[in-house]
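A.B. asks: Take this structure, written in structure tokens, and hold onto it; I'll ask about it next.
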């Protein structure tokens, strides 16, 4: 599932029959194909039969798989290892922009002149002390 920066569900998919697990032979993995606009997104990966229903992503209502641990659709125990792939096929339409140099603020130059004046004044006082 994909959630945008406002916390709204963008898309969700529970089962895709075109992807078959090498270990179990089942095809219940999620597959989403989205064209997303500029924003910050959160991708969420959950186990089979545990779907977001409503509310906040973390404190909202989930359907609940009714099991503890990690199991596939047949009830077989599996590890907590998941594969998460994001295809970059359509990232080519991201256009880099040229940046303009930011001019140095006048306050930094003024600070530099002040420090130089302070240093000059201190050296002058030291010369007067050594001459006396």
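For all residues, glycine too, the Cβ spot is worked out from N, Cα and C.
Here TrEMBL flags 101-123 as domain 'Ice-binding protein C-terminal'.
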A.B. asks: What same-chain residues lie close to the domain 'Ice-binding protein C-terminal' (101-123): Cβ under 8 Å, and 6 or more beyond its ends?
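C.D. replies: Apart from its flanks, the domain 'Ice-binding protein C-terminal' (101-123) reaches none.
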A.B. asks: Grab the pLDDT values for the domain 'Ice-binding protein C-terminal' (101-123) and give me their mean, rounded.
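C.D. replies: Value for the domain 'Ice-binding protein C-terminal' (101-123), mean pLDDT as a whole number: 83.
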A.B. asks: Using DSSP, how many residues in the domain 'Ice-binding protein C-terminal' (101-123) fall into helix, strand and coil?
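C.D. replies: Tallying H, G and I as helix, E and B as strand, the rest coil: 18 helix, 0 strand, 5 coil.
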